[in-house]
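According to TrEMBL, the features are:
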type    : residues                               : note
DOMAIN  : B:8-98                                 : domain 'Aspartate carbamoyltransferase regulatory subunit N-terminal'
DOMAIN  : B:103-152                              : domain 'Aspartate carbamoyltransferase regulatory subunit C-terminal'
BINDING : B:Cys110, B:Cys115, B:Cys140, B:Cys143 : Zn(2+) binding site
2 protein chains.
Amino acid sequence: MSEKSTLVVSKIKHGTVIDHIPAGKAMNILSVLGISGEKGDRIAIIMNVESEKLGKKDIIKIEGKWLEPRDFDVISLIAPSATVNIVENFEVVKKYKVSLPDRVEGLLKCPNMTCITNERNESIKTKFKVLSRDPLKLQCEYCGTIIYKDDIVKLTNYLKK
Amino acid sequence: MSEKSTLVVSKIKHGTVIDHIPAGKAMNILSVLGISGEKGDRIAIIMNVESEKLGKKDIIKIEGKWLEPRDFDVISLIAPSATVNIVENFEVVKKYKVSLPDRVEGLLKCPNMTCITNERNESIKTKFKVLSRDPLKLQCEYCGTIIYKDDIVKLTNYLKK
């Protein structure tokens, strides 16, 4: 076994593989997807392994789990380089590249507490316009508040509660 | 490949394997050890795999990382069943069983903000007595506040900041 091949996780039978995650971001991806492993999902995570494309990357494999369209958008906020593979009987049957939309709707809480989207009596879905993709910079369409890459995990999790 | 053998992570060359972690607790272990993968550590985590001893378990493998005595105590708070294996050249050269001490010193913040250990001008190390091991129940030796299993991650991380 060469040194490079250490920490390799073998194939899953049925499920989802999220590949080409920027190195060190796997935990953030799991966090925004609301996956902690506490519900019994069989998960493998490998972090900081060699990648031809990215230099280093993280990979997440989840047995028996399929993602929803919302999940693809939320992944694109943390890992715009990610690919999502659907595995059946140990074979990749579908392969998607996540893609950051021009508008991010209903996925992030606005950090401005006086923004109308934070008004309890209203039920307005948040909308952010993507001002810049790299580095990521978004703007609330209601109050103009700007948010950056490092705010994403906190603002995504906050919305789920 | 049988279904049971999926999600198996291959051996690491040099480093630490934390095995027999209660199913679903791997993320908590990484959190209390302050490991997020963002510093470039090569990490493999598998969650909810079959275990003869525990039914299901989690495993963490960290390439090129060795734990300190403090880490063993902090692991014992979350995963009293855990074993820690030291790997060199793909072979386990040492094997430890973590063990919850009778007193937990300097690892947890007391949640009682009026406790003397939270006084800014004092530098008193927190001390908790283990009242019960399963379920885990600890008592602050200074103010008598009781803490339980579910408080551990929050109170450990809080102290590091």
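Keep in mind that glycine also has a Cβ here, set from the backbone N, Cα and C atoms.
Mapped onto three states, the DSSP output places B:Cys140 (Zn(2+) binding site) in strand. If you average pLDDT over the domain 'Aspartate carbamoyltransferase regulatory subunit N-terminal' (B:8-98) in this model, you get 90. Here the binding-site residues are B:Cys140, B:Cys143; the one with the fewest Cβ atoms within 10 Å of its Cβ is B:Cys143. Taking the centroid of the Cβ atoms of B:Cys110, B:Cys115, B:Cys140, B:Cys143 as the Zn(2+) site, the other same-chain residues with Cβ within 8 Å of it are B:Pro111, B:Asn112, B:Ile116, B:Thr117, B:Asn118, B:Thr126, B:Tyr142, B:Gly144, B:Thr145. Secondary structure at B:Cys110 (Zn(2+) binding site), taken from DSSP and collapsed to helix, strand or coil, is coil. For the domain 'Aspartate carbamoyltransferase regulatory subunit C-terminal' (B:103-152), DSSP puts the residue distribution at 7 helix, 18 strand, 25 coil.
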